[in-house]
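Report on the following structure.
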Amino acid sequence: FVSYQVEILDWKTKKQLCFLDKVEPNATIREIRLMFHKLYPRWYPARQSIKLDPKGKSLRDEEILQHLPVGTTATLYFKDLGPQIGWTTVFLIEYTGPLFIYFLFYFRMPFVYGLDERFTSSPHPVVNLACICHSFHYIKRLIETVFVHRFSHGTMPLRNIVKNCLYYWGFAAWLAYYINHPLYTPPSYGKKQINFAVIMFLLCEAGNFSIHVALSDLRRNGSKTRKIPYPTKNPFTWLFFFVSCPNYTYEVGTWISFTVMTQCVPVGLFTLLCFIQMTIWAKDKHCTYLREFKDYPSLRMPIIPFLL
């Protein structure tokens, strides 16, 4: 076979970092990353972005050298992604914080509200119910992180975890402060409103979990190849008939239910931000599906059936 020569340049300075001789044509980008790592140990594979063009997209690990639009002397560009952290660790940190932060306000620690013993518990049952639902949501997320999720990308930049934790932890504190405040008033329509919201909350949580399991099953053999997700026998997955990312649809539904349950303005604002962010993610994923699969179901929308 004809061996390849691979030249790796810095994506900014165009300075040559290394020259790999006699590379097999069927070598993958992952194998090239490993060769590069041997020469530069501090740039481990997860930290490397290897591109065909300095301003282009990163090449996937499974892409094969001879299938790329290059000659037998290939020029690739390297970008340092910075220190990385595993997605499992990221999610465990992000979701453990809100769980315990909420309890600080729920148990009305003296340093939070500065109260005496008369105000250490709330007279409103919905406050207890909100704590149970909030805790259930994040415990479910932690269980999914450990036992369900399969990540297409193994890591994310370490610097992002500070931003993500500020978002999740900060909002958890803000919501908890108002829901557990001594001056908190329960929903206008009482038990009917609360019971309806709880039922919707549990249905959305069940739907979200079902979608995550269905998506995980697509990669049961450890493959990172993207596939079109389809509905299964589980009725909660039938939302796949209408949207590309029903996990986000159910997630937004969960927070809408929590907003109705608590009738709290900060919760509503958090729900709105969640919806905006998840709509952006859903649109990106929907466009990726359309680009990669010519037979992708035309009826599907990104996040809201028939609308968005």
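Placed from the backbone N, Cα and C atoms, the Cβ positions cover glycine too.
If you take every residue in the domain 'TECR-like N-terminal' (5-80) and average the pLDDT, you get 92. Here TrEMBL flags 5-80 as domain 'TECR-like N-terminal'.
The feature domain '3-oxo-5-alpha-steroid 4-dehydrogenase C-terminal' is assigned by TrEMBL to 155-308.
Note on the transmembrane segment (85-107): residues 120, 127, 131, 134-135, 138-139, 141-142, 145-146, 149, 151, 153-158, 160-161, 164-165, 168-169, 171-173, 175-177, 179-180 of its chain, located 6 or more positions outside it, place their CB under 8 angstroms from a CB of the stretch. Annotation source TrEMBL lists transmembrane segment at 85-107 (among others).
Under 8 Å from some Cβ of the transmembrane segment (166-184) lie the Cβ atoms of residues 94-95, 97-98, 101-102, 104-106, 108, 112-113, 115, 119, 122, 124, 127, 130-131, 134, 262, 264-267, 270, all in the same chain and six or more residues away from its ends. Sequence annotations record features per position, and here TrEMBL assigns transmembrane segment to 166-184 (among others).
Per TrEMBL, transmembrane segment is recorded for 196-215 (among others).
Residues or ranges marked as transmembrane segment in TrEMBL: 235-250 (among others). Same-chain residues lying 6+ beyond the ends of the transmembrane segment (235-250) with a Cβ under 8 Å from its Cβ atoms: 204-208, 210-212, 214-215, 229, 278-279, 281-282, 285-286, 289, 297, 299-306.
Taken from TrEMBL, the feature transmembrane segment applies to 256-276 (among others).
Here the domain 'TECR-like N-terminal' (5-80) is broken down by DSSP into helix, strand and coil counts: 17 helix, 29 strand, 30 coil. With a threshold of 8 Å between CB atoms, the same-chain residues lying at least 6 positions outside the transmembrane segment (256-276) that come near it are 126, 129-130, 133-134, 137, 171, 174-175, 177-179, 184, 186-188, 193-194, 196-198, 200-201, 204.
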